[in-house]
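If you check TrEMBL, you get these features:
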- B:15-40: transmembrane segment (TRANSMEM)
- B:61-91: transmembrane segment (TRANSMEM)
- B:72-189: domain 'ABC3 transporter permease C-terminal' (DOMAIN)
- B:111-135: transmembrane segment (TRANSMEM)
- B:165-187: transmembrane segment (TRANSMEM)
- B:208-227: transmembrane segment (TRANSMEM)
- B:233-253: transmembrane segment (TRANSMEM)
- B:293-316: transmembrane segment (TRANSMEM)
- B:516-541: transmembrane segment (TRANSMEM)
- B:523-636: domain 'ABC3 transporter permease C-terminal' (DOMAIN)
- B:562-595: transmembrane segment (TRANSMEM)
- B:607-629: transmembrane segment (TRANSMEM)
Amino acid sequence: MTSTPTSALPIAARVPPGLPAAELLDATREYGSGNALVRALDGVSIAFPAGSWTAVMGPSGSGKSTLLHCAAGLDRVTRGRVLLAGQEITGAPDRVLTGLRRRTMGFVFQSFNLIGSLTAEQNVALPLKLAGARVRRADVRAVLASVGLGDRLRHRPRELSGGQQQRVAIARAMVTRPAVLFADEPTGALDSASARTVLGLLRTMVDREGQSIAMVTHDPAAAAHADAVVFMSDGRLVDRLVRPTAREVADRLARLEAAPC
Amino acid sequence: MLTLALNTFRERWRLFAGAITAVALGVALVQSSLLVMVATDRAPIPAGVTGRAREELREGYAGAATLLGMTVMLSAFLTVFIVSSTFAFTVAQRRRDLALLRLVGGGRGQLVLLLLGEALLLGLTGTAAGVLVGLPATWLQARLLIALGFLPGGFPLVWDGGVLIASGCVGITVALVGVLAAARRAAKVRPLDALRDTGGAARVMTPMRWLAGLSCLAFTIWMVSLAQSADLLGAMLMGLGISIMGAVSLSALSPLVVPLAGRVVGAVLRTSTLGELAQANLRDGVRRSASTAAPLIVLVALLLGLTGTLGSLALMSGEEQRHLVRGDLVVTSTGADLDRIESVPGVAAASPQISLSMSVTARHHEANRTWRQTHYSGIVAIDAAAYARTHDLHVRAGSLARLRGRTIALGPGMAESGIRVGSTVTAAISGHKTRLKVVAALRATLENYSETFLVPRDLVPASTIATAKAETVIRLAPGTSRSTARTAMRAAGADKVQTVPQWADTRTAAQQRGNMGILAVLMGMAGGYAVVAVINAVMIAGTERRTEFAAARVTGLTRPQVIRAALIESWAVTAIGLVLGCTVAAGALAGMLAASLRAAGRPLVDVPWTLLGITTLAAFAVTGAASIWTTFSATKPRPVALLAARE
């Protein structure tokens, strides 16, 4: 095992120095064939810098989710290359990808995707157990406490609010101290107060521990929490803003959506 | 992984209830069958019984062992069937959960382990229940075997702790074997499926299913075509084969066949709004429809196919007896009354057949084996000349005309025993041992328990004949009134006077009773499993449709309308299952029809209408009740609560 959850190493150091946390090089992803051919990604090259938070925005169908899935090795690119923490994963076998999911990646989704029959504590401990690592309850509790749920250990997902469930999901993603956290609309199903809590939590993780985050979102307010925002349209990258305000993001998005096809 | 398995198991026990019941049933049956078999093995043959009684006991035990062996095989097969379809369901239902496990770092092997763990828990629970149920089941089974005549009354049961090991092994093995296919499918779930609703895992027709379904179908069609030109025995064997293979084939292909048949039913259903909804659901929920229809197809095909085939065989065997005997009446009496019956006015020919309690020890030859065996049952004394006048003789070897003095002939029951014509056998008549020469051998008939040996009447002392039971074939002189003759026969001491067709029917009915008893036990058991499987499928499908029902209610359907639409759907699937099962059974009986047309010149096919009627009613009642109950409980919460709780 290259790393244990208790390693004191700062998270940013889990990516070799100078390399991006995740990178797509000239990546193309096509679905279907013939007349029904859809090109969800069209020669995209993008790097998600280590120790920073990148948001991906774009109109529906612009390919932003596909970008995230390909970067995380959940979907395969038709052409091009994909690198994760400096490691080539373009054609990696399932075994290698499973290993990476255990140690190098974390996932947070719009639908919280917790296992209903397990308590918050068990849900968080699950990735460690699957990786065959020794599970220390203190670690699990510390992670849950860091997302503000130290008093909800024994609750099952259905006994928690949406915001609390999402925080459990974040704790589950963070317990393995992954090099990169992939987030797909993490605030999409939350009310605005819960959304603010979750975004604040992610921001803290980047600032304090140098966590790398790649996030897809619809919400300009969510994107404004990121260090950089990239915009996609029709499977291509079309713009990039650094540390924008929510208003700037919303204006850029509105122009994209109004653009003639 | 085991914790997770335990959690899932606790959370989803309702989903597993049917499979647990099936495992419990299987374990109970295996355990009770083994215990009865152990008991027959240990049962002492009482001292001082006659050789004939000993032979009957032994034959009964052998029959019981056959029946029990078939019970064990069938119940193991059906349990695996139910467990595997339950797990196929749970894997399809939990695809998101399983994909999620992959997403947070679960390997393929771990998913397989998870399902194996669940199957292990299921097997353990089922086995524990089965061991308890097995105790009364042993007693019940012994009573049943006594009632069927396989075991003597007051048969002593024994207990052997060893069967517990067997029960445990069977329960757990069956559960693990049942989960294998589902585990393989679970391992193929991709992590991305957690985020999407469709994908490769949603496919119902897997390559294995295609392969199994199509190869069985091809084999079935081949057998149906072959059966058209086969002789009776071949047609019968093929009928049994067609029933089994056809059932397996159609149930494997049911995800294709059921929606196809649904289009036909759809023409009727589309006339009402609810019917239209039901028909759309039937075609959309392929897995659900197929899992309800499959056990019905298997049950109906086996039930009607096997019963019909054996029933037709009985009909033809009766027909054969009618043709073999050329007489007007058959009279049952004691040997003492024979002379008076033969001298009734108007009797042109009388051929008595006297059942003897004697033994014959003969040497059998088979391939490169030879052994001596003593026979007790089915030995009769005849008058060769009279016998030839009143029977359509089919002699395989030798001549019945030489059956005089110290001779013996092989009856139809010994036709395939390997005793050679010309050899010498030892007979024991009334305590005297005599050596008899085998002078003739009759051809085999369709009957199961025909006469084994024929000895000349003059060989048997009159005192022995006087107390024996006799059946006499009577040919009346032209112009003699049957009713007058009957009255005269009764006056002469006859116990029973029957026409030849009456006699043939009674005789075949008695001989088929054993067969039908075995069939009834096996099919009753298969029926029990089918009920478990159908209820299981309907209930699992109903529980997973809570949100769908809620959406229908939000769209404007009332709760009773939702329940009715689901009921129409279930009944349509039931009808499809029954029709497909009947199709297989018809294929099996087509061979019997062709064989009977060739052999007898008229159709002799026993279609078990009553059984079909009962099965149909029971199938509709069971699926209807299960559907109403599950839809009723699935629509209990307010629809909005269910729809909102989706994410």
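The backbone N, Cα and C atoms fix where each Cβ goes, glycine too.
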Problem - Range from B:15-40, B:165-187, B:293-316, B:516-541 with most C-beta pairs under 8 A to the transmembrane segment (B:562-595) - result: B:293-316
Practice task
Quick one: find which recorded stretch in B:15-40, B:233-253, B:293-316, B:516-541 has the most Cβ pairs under 8 Å with the transmembrane segment (B:607-629).
Solution key: B:293-316
Practice task
Return the stretch with the most CB pairs under 8 A relative to the transmembrane segment (B:15-40), choosing among B:233-253, B:293-316, B:516-541.
Solution key: B:516-541
Practice task
Please spell out the DSSP helix, strand and coil residue counts for the domain 'ABC3 transporter permease C-terminal' (B:72-189).
Solution key: 97 helix, 0 strand, 21 coil
Practice task
Check the domain 'ABC3 transporter permease C-terminal' (B:523-636) for me and report the mean pLDDT.
Solution key: 86
Completion exercise
Reduced to three DSSP states, the domain 'ABC3 transporter permease C-terminal' (B:523-636) has 98 helix, 0 strand, 16 coil
